[in-house]
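Among the features that Swiss-Prot reports, heme b b562 binding site is placed at H82, H183, with the record citing sequence analysis. Among the features that Swiss-Prot reports, heme b b566 binding site is placed at H96, H197. Annotated ubiquinone binding site per Swiss-Prot: H202, in sequence order, evidence recorded as similarity to another entry. Per Swiss-Prot, transmembrane segment is recorded for 32-52, 76-98, 113-133, 179-199, 225-245, 289-309, 321-341, 348-368.
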Amino acid sequence: MKILKSNPFLALANNYMIDAPEPSNISYFWNFGSLLACVLVIQIVIGILLACFYIPNMDLAFLSVERIVRDVNYGFLLRAFHANGASFFFIFLYLHIGRGLYYGSYKYPRTMTWNIGVIIFLLTIITAFLGYCLPANQMSFWGATVITNLLSAVPFIGDDLVHLLWGGFSVSNPTLNRFFSLHYLMPFVIAALSVMHLIALHTNGSSNPLGVTANMDRIPMNPYYLIKDLITIFIFLIGINYMAFYNPYGFMEPDCALPADPLKTPMSIVPEWYLLPFYAILRAIPNFQLGVIAMLLSILVLLLLPLLDFSAIRGNSFNPFGKFFFWTFVADFVILAWIGGSHPENVFITIGAIATIFYFSYFFILIPVYTILGNTLIDLNLSSIKR
């Protein structure tokens, strides 16, 4: 134990992972941070191995992925773990964000931690999209064409930005080279931001379900929460092994098994399942520029939460209005994901528009209103007690 505190590097790890004081009442909802760190390390290691065999060329990219699966030793496992690892990463990311929303982790003094987390979320979406485009299959080719065209919504220079990103007049070899380089780089940027996220968290410590400062009742990270984290990590490893061995392509569209054909459009162009809610918001607004703005705002609105929540109490544990509207918001998010994966027919367009309106209403109307109402009820109760 002496070397853990005398060695500067081990002392740093000791302060963050062993002797770190944590609230004694945090539940398994606080395990998603360690799960995300575990998945990120796995994704980086497997991604480096896959990059050794991938060829960023429109004619050879699809064949190189097929060669990885068929000819490279355990290549089929590498691809299955990497593809399904992305899905697990987003599952844990959404649960992590949802826990932060419910328990008010964005409120002072953890605002900086929250803001860094939102930036990580945005970069993760970009990284996932870049990786989705790399196999150059039918769905990823047309997905890349559609999503990169969103840059044309930028006034005056939009078309030039699209051509700059493409490296030509369509998705081609320069595009894949750019996407491959950025997809290789971004996980390391995310890892660096994750360290910043951890440093910011360590400054004030973790929150807890009660939403109160727990400096008087803390226990060390090791062995209590370290063992608890290992339990969920083992459960995750069981889950990803099941997906990799028994259902490796369960999250993929059938068109992902076809090579890219620039002359034939798929029946329905959809992104991966974890981006469907934002795709639904994009499609719900008829105006192209407003749709792009709404899609970006649906992510960046998370940065505004510390300014929109006026509650004197952190979190929704003791807020019945907050509980009701939070779970309604979760249902709305699931509906948006369903609409994003459906064909843009009249009934789905209408449902998507209603779900989009509620999505933004939750942040800009409902949260300010019910937090102010909650404060008013607390003040009235306190004033009646004083009398």
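Glycine residues also receive a Cβ, built from the backbone N, Cα and C atoms like all the rest.
Locations of recorded Swiss-Prot features on the structure.
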residue: H82; record: heme b b562 binding site; Cβ within 10 Å: 19
residue: H96; record: heme b b566 binding site; Cβ within 10 Å: 21
residue: H183; record: heme b b562 binding site; Cβ within 10 Å: 23
residue: H197; record: heme b b566 binding site; Cβ within 10 Å: 22
residue: H202; record: ubiquinone binding site; Cβ within 10 Å: 13
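Comparing 179-199, 289-309, 321-341 for CB pairs under 8 angstroms to the transmembrane segment (348-368), the maximum falls on 321-341. The binding-site residues shown are H96, H197, H202; of these, the one with its CA atom nearest the CA of H183 (heme b b562 binding site) is H197. The separation of H82 (heme b b562 binding site) from the residue listed as 'ubiquinone binding site', Cα to Cα, is 30 Å. Counting only the Cα atoms, the space from H82 (heme b b562 binding site) to H96 (heme b b566 binding site) is about 21 angstrom. Between the transmembrane segment (32-52) and the listed ranges 76-98, 113-133, 225-245, the one holding the most Cβ pairs under 8 Å is 76-98.
The stretch from 76-98, 113-133, 179-199, 225-245 with the most CB pairs below 8 A to the transmembrane segment (289-309) is 113-133. With a cut-off of 8 Å between Cβ atoms, the residues of this chain six or more beyond the transmembrane segment (113-133) that come close are 86, 89-90, 93, 96-97, 100, 105-106, 140-141, 143-144, 147, 171, 175-176, 179-180, 182-183, 186-187, 189-190, 193-194, 196-197, 200-201, 204, 271-272, 274-275, 278, 299-300, 302-303, 305-306. In the three-state DSSP scheme, H183 (heme b b562 binding site) is classed as helix. For the transmembrane segment (179-199), the list of distant contacts is 16, 36-37, 40, 43-44, 47, 51, 54, 56, 113, 116-117, 119-120, 123-124, 126-127, 130-131, 133-134, 144: same-chain residues at least six beyond its ends, Cβ to Cβ under 8 Å.
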